[in-house]
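The following features are taken from TrEMBL:
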type     : residues : note
DOMAIN   : 14-97    : domain 'Prepilin peptidase A24 N-terminal'
DOMAIN   : 119-221  : domain 'Prepilin type IV endopeptidase peptidase'
TRANSMEM : 6-30     : transmembrane segment
TRANSMEM : 79-98    : transmembrane segment
TRANSMEM : 110-129  : transmembrane segment
TRANSMEM : 164-185  : transmembrane segment
TRANSMEM : 206-225  : transmembrane segment
TRANSMEM : 237-260  : transmembrane segment
Amino acid sequence: MLLLELLLGLIRFLLGAALFSFMNVVAWRLPRGMDPLKGRSVCPQCGHTLGAPDLVPVFSWLFLRGRCRHCGAHIPARYLLVELLGGVLALGCTWRYGAAYALPGGLFGMSWAALLALAVCGILLSVSLIDAETQTIPDRLNLALAVCGAVSVLLSPADWLPHVIGALCVSVPMFLLCLVIDGAFGGGDIKLMAATGLFLGWQNTLLAMFFSIVFGGMYGIYLLAAKKAGKKDHFAFGPFLCAGIVIAMLFGGPVLEWYCAFL
């Protein structure tokens, strides 16, 4: 049984790493008007089409020592870190949303809810990278998150109301604040919280926003203290929203239980 768990753990890790590797490609192609589903990956330096030995998540980067197999160009460590993050989050989603050892309960040793949560994490990665680069969030990614939220409601139809409230409890106040303060939030940020709120439910959505404000506020203070930005400058808030969402997804239940016990 222990050997089976270790094997399934490796499969989950590689699945998450592969998904995040693909979403990293999506984050690079979408802002450049390229179809993320067409065309094979190539080395950005020599343009050589990458083969199977170059595309094994995590292991290819390690075995090739972070260099292209064809031209020897350096491959940024970002690719390795993204794949490691995907693997860790796959294990985290399984821990939070449950394992499954046979159909129809799930696939790859993960329950359908865990697989759905991992898909949400992968989309959030693309959202974060694109927003950090362009300060925009593509509508198609928010739509994909909304679809994940709708599927989560279908998986537990008895709990539909908290999910619907989750889609509105943060996004609507964000929208109203934008009517009062011009540029308070970007339209993509509002859509992001509406889409992920449908997946999280209202309690975790509020928690996600809390963490996002804390992280974003700390970053804003750093920019001001380091004189890298002025009081009227803007920075991408999407990555902080995504970080708060992932934390709420994985640890929202324990945090809320601790908070209620503390009260």
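Note that Cβ sites are derived from N, Cα and C of the backbone, with glycine treated the same way.
The model shown is predicted, which means the values in this text are computed figures rather than measured ones.
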Residue counts for the domain 'Prepilin peptidase A24 N-terminal' (14-97) under DSSP, helix then strand then coil, are 48 helix, 4 strand, 32 coil
DSSP composition of the domain 'Prepilin type IV endopeptidase peptidase' (119-221), residue counts helix/strand/coil, works out to 90 helix, 0 strand, 13 coil
Long-range CB partners for the transmembrane segment (6-30) (under 8 A, at least six residues beyond its ends), listed in sequence order, are 36, 41, 55, 57-58, 78-79, 82-91, 93-94, 99, 101, 108-110, 118-119, 121-123, 125-126, 128-130, 133, 138, 140-141
